[in-house]
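Reading through the structure tokens given below for one structure.
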Amino acid sequence: MSQSNGMTNLLWLQGASCGGCTMSILESGSSGWFDELRQFGINLLWHPSVSEETGEEAAEVLNSVREGRVPLDLLLLEGSVARGPNDSGRFNMLAGTGRSIYHWMLDLAPRADYVVAVGSCAAYGGVPAAGANPTDAVGLQFEGADAGGALGAGFRSRLGLPVINVAGCAPHPGWMMETILALTSKDLSATDLDTYGRPKFVANHLAHHGCSRNEFYEFKASAETMSERGCLMEHLGCKATQAVGDCNQRSWNGGGSCTKGGYACIACTSPGFEDAQNFLETAKLAGIPVGLPTDMPKAWFVALAALSKSATPRRVRLNATADHVVVPPGRTTAKRTP
Amino acid sequence: MTRITIGPFNRVEGDLEVRLDVESGRVQRAEVTAPLYRGFEQILEGRPPLDALVLAPRICGICSVSQSVAAAAALRHAMGTEAAPNGLLATNIAHAAENAADHLTHFYIFFMPDFAREAYASQDWYQETRERFAATRGSAARDALPARARLLETMGIIAGKWPHSLAFQPGGATRAIELGERVRLLSIVTSFRTFLERTVFADTLENMLSLSTADELDRWRAGRSGDFAHFLRLADSLALSELGKGPGVLMSYGAYQGADCGLFPRGIVGPDMVVEPLPLSQISEDVSHAWMRDCSSDPAHSNTVPDPDKAGAYSWCKAPRLSGQPVEVGAIARQTVAGQALIADLVAPSGTNVRNRVIARLIETARIALAMEQWTRALRLSEPFCAPSQEMPDGAYVGLVEAARGSLGHWVAVRGGKIERYQIIAPTTWNFSPRDSLGVAGPLEQALVGTDVGEAGARSVAVQHVVRSFDPCMVCTAH
Ligand code: SF4
Ligand code: SF4
């Protein structure tokens with residue numbers, strides 16, 4: 001890895017982003033993200049939200065990388081690449097430089113040892129690419145689920161890797177830092193990425209794993225309206241059985257997760273999640289949810305659901321449609337009522 | 001006359017370019033450009049209305065709860081329902097946590113590092129300031145970031161995660177808080193109070209809020225440690241109360257919701273310091289200098305259609321006006337409209353400026369920390385947190401809230417169960433507005449005029465102070 005003074009040079013830019021990925025990573029590190037970076041020998045060359053260099057000094061940092069005067073280990077982009085209008089990139093100019101982020105990325109990406117797309121916008125296009133996609137927004141190496149994007153499907157960074165997609169909207173600060181650190185220590189190789197370029201240490205799990213509502217899921221004891229405690233899959237749109245992420249196995253903001261927060265997983269780690277509609281309602285066909293777990297035959301699912309529903313303990317059934325625990329766990333002496 | 005372009009303008013949220021015409025070292029004219037357009041309003045058209053709760057918050061990752069709460073308020077209005085009171089309290093707590101986190105992030109990460117720049121190397125306060133506030137290296141960041149992360153644990157309990165949560169619904173909030181969680185919330189709020197009292201103010205919040213005049217603030221400051229007192233000394237040394245004067249009219253939509261929890265009132269206030277009712281119907285948007293096609297100036301009836309080649313345009317930001325005038329929004333407007341004694345005493349003689357904006361933000365932080373404590377105690381744990389959603393009849397609806405940076409409005413028109421139009425006017429849209437069709441400059445454009453840039457030109461730190469004193473959020477601005 002090209003290093004200056006033994007440090008890893010990291011450059012973080014923002015394209016058509018909301019800044020949320022940055023806001024999320026600022027929660028990383030017990031003594032703050034800046035300290036954490038230093039502890040691992042990472043030199044933040046420039047970051048638009050936090051760096052001292054501004055205006056022409058900042059432009060000079062970018063030019064020094066573009067012209068190869070300063071080696072670049074990690075290039076991170078947060079936000080989608082707005083290619084419009086007409087491939088000019090003018091919907092997203094990098095202020096003061098007269099160049100669009102699109103063109104800056106085309107120049108900078110080949111200079112970097114590794115290129116990381118931070119968040120679903122940079123990975124696949126994300127919310128700016130929703131609907132009619134007014135700005136022709138794409139990800140760095142994907143356009144939705146299709147390989148391509150701003151850099152093209154064939155792009156490889158200097159050390160031979162495709163763009164590493166830390167998907168999520170916003171991604172967990174841990175996903176971002178663990179990816180950065182695994183790259184810094186050269187621990188992450190092409191085989192550690194799934195077919196959508198996501199690190200497998202995140203993508204080998206489902207958001208459903210470890211959900212606090214798993215007991216309700218087992219019995220198909222479902223919440224019917226918002227703020228009830230039951231499983232959110234049958235009526236309230238939960239896609240966590242199809243969406244990758246260890247969301248429910250690690251804590252968000254000191255103990256949360258979407259489903260713990262009382263609302264459905266909207267599959268924000270998946271390409272194209274933004275084009276779904278009615279996010280908190282389950283799409284159904286003949287009363288059966290359309291989006292069943294991908295690796296389970298539908299007939300089995302339906303049969304098991306019917307069976308488990310008939311075996312639902314009273315406690316689970318009643319708690320599912322309450323916003324507080326109405327029946328606490330405990331030995332029941334009464335006969336189960338079906 | 002020389003024209004200078006400043007960008008990338010960093011340590012703000014999002015993308016910003018500033019162009020200045022300078023003569024004899026003074027700014028004569030300023031043009032403010034929002035160089036990023038994403039098209040959220042276009043993306044929302046034709047969608048089911050509740051989808052706004054997923055998409056609209058993603059306008060901004062720094063005030064996503066504000067965006068959620070504005071969207072939820074507009075949709076609640078469309079449903080004609082009442083939210084569960086607990087849901088509004090929980091929303092207030094989370095919203096206050098976001099706003100307080102924003103004020104902290106602004107002070108420590110975006111704003112103060114400018115005083116640690118080389119340009120001030122000759123000042124007697126430089127060494128101390130550099131050690132404390134240097135961007136990414138100063139000791140203050142090591143204190144502030146963990147305090148911010150701890151405060152945002154509020155979100156883990158109420159909102160599942162931050163940024164971008166779906167917990168804020170027209171009917172309230174999506175999860176009921178249990179007793180243990182209430183205690184955890186109180187302990188988070190207490191940690192935050194401790195951080196404010198030890199590190200920011202070096203005094204109790206009650207003492208801070210009892211200061212009611214500029215003189216009292218001066219006496220309080222003498223010999224005091226803490227980052228706020230440090231800022232006040234810098235502000236004096238650099239005459240920041242004479243820098244970056246705003247346009248004179250201040251507006252607040254009123255902040256935090258619920259029968260007895262509205263904390264800061266709605267209103268406008270001019271140089272005479274008399275608070276007047278806000279004429280909501282007088283809000284308009286002008287696109288004469290925006291890369292946007294002409295449309296109705298009434299946000300309830302307008303669309304957003306980009307026109308990138310439009311002559312005379314220089315920003316993706318539209319120009320909002322109240323009764324035809326540019327107005328300033330933000331903590332300083334909120335606290336002046338609310339009649340906060342100290343802020344009113346500072347604003348009365350000198351209006352809005354770099355110093356007063358920063359003071360207002362920190363005083364507001366103390367106020368909302370106390371409010372968070374009260375709201376948390378006021379939750380009635382056995383009662384519902386969310387009322388059911390209802391059908392949304394055709395019509396035009398509005399949701400108005402205060403984000404950290406000021407007044408935020410979502411205007412939604414529903415037809416046949418779909419969003420027909422969606423218009424957003426964000427705080428920085430007001431503050432960083434371009435000129436209107438009469439050639440009247442936006443608030444920042446006015447505030448920059450007269451700034452002494454001396455020999456430094458584009459490298460002038462004074463310009464950086466003026467711009468950052470507004471705590472601009474550019475991703476919200478053009479959205
Ligand atoms: S991925 Fe989500 S959080 Fe990150 S920039 Fe995009 S919208 Fe914001
Ligand atoms: S709510 Fe979603 S993540 Fe939780 S158990 Fe049900 S399907 Fe799984």
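Using the three backbone atoms N, Cα and C, a Cβ is placed for every residue, glycine included.
Sequence annotations record features per position, and here TrEMBL assigns Mg(2+) binding site to B:Glu41, B:Ile424, B:His479. Feature annotation from TrEMBL assigns Ni(2+) binding site to B:Cys60, B:Cys63, B:Cys473. TrEMBL lists B:Cys63, B:Cys476 with the feature Fe cation binding site.
Annotated features, which come from TrEMBL, shown on the structure.
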residue: B:Glu41; record: Mg(2+) binding site; Cβ within 10 Å: 23
residue: B:Cys60; record: Ni(2+) binding site; Cβ within 10 Å: 32
residue: B:Cys63; record: Ni(2+) binding site; Cβ within 10 Å: 32
residue: B:Ile424; record: Mg(2+) binding site; Cβ within 10 Å: 27
residue: B:Cys473; record: Ni(2+) binding site; Cβ within 10 Å: 32
residue: B:Cys476; record: Fe cation binding site; Cβ within 10 Å: 30
residue: B:His479; record: Mg(2+) binding site; Cβ within 10 Å: 29
Measure from the CA atom of B:Cys63 (Ni(2+) binding site) to the CA atom of B:Cys476 (Fe cation binding site) and give the result in Å, rounded to a whole number.
9
Cα-Cα distance linking B:His479 (Mg(2+) binding site) and B:Cys60 (Ni(2+) binding site), given in Å to the nearest integer:
8
Which binding-site residues (B:Glu41, B:Cys60, B:Cys63, B:Ile424) come close to chain A, taking a Cβ gap under 8 Å as close?
B:Cys60
DSSP secondary structure for B:His479 (Mg(2+) binding site), reduced to helix/strand/coil, please.
coil
Measure from the CA atom of B:Cys63 (Ni(2+) binding site) to the CA atom of B:Glu41 (Mg(2+) binding site) and give the result in Å, rounded to a whole number.
17
What does the structure give for the C-alpha distance between B:Cys63 (Ni(2+) binding site) and B:Ile424 (Mg(2+) binding site)? Integer Å is fine.
14
Separation of alpha carbons, B:His479 (Mg(2+) binding site) and B:Cys473 (Ni(2+) binding site) (Å):
10
Conformational class of B:Glu41 (Mg(2+) binding site) under the three-state DSSP mapping:
helix
What other residues of the same chain, not counting B:Glu41, B:Ile424, B:His479, have a CB atom within 8 A of the CB centroid of the Mg(2+) site?
B:Phe40, B:Leu44, B:Ala56, B:Ile59, B:Thr304, B:Tyr422, B:Gln423, B:Ala426, B:Ala478
